[in-house]
């Protein structure tokens, strides 16, 4: 039963919605008829004016009757023109009212949609949600800082690094000495000078000459 009443209610609602459109259609139809009448009356006035002009000198009674009819048509034309203006104003008013109603209905639907979207939201819940987001963001920052600031594995001794660096530098200096045949200045500073052996080398050939001389003398004596 409720469905039947709903159907009738739907029809009534649709009829109410179509009422402005039907009114405008009726007004425009009446306007079209009045505009045709306006053109017809104007033609009648022009025709009577022509008759009056034609008979103004030869038949004054006919000319006067034509002017009388022209005046009647002119009066009717004025009424028709006023009716046309009134109907046009009605059309404009109904169109504006219909637009206002449709605009208001659209705004009401928009307001209902916003209410449905917001639901049970209020400023307190928004503030609570934003506060939770800020807390989570701060927690994420703390976790990231803890991860990046904590070294992994055993700490490395700086003295050990410096010693290894010096060894690498010394190795490069040794390789440079071997490649060029010259001892770099820095290497000369770190190494003690070798003991000179020029005297030993100079004495060894002299001693050998003396022995040969003595041997030759001995051979000469034996030959004698």
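Yeah, the Cβs are placed from backbone N, Cα and C, and that goes for glycine too.
Per TrEMBL, the range carrying the annotation region 'Disordered' out of 155-189, 190-224 is 190-224. Confidence in the coiled coil (24-97), given as mean pLDDT, stands at 93.
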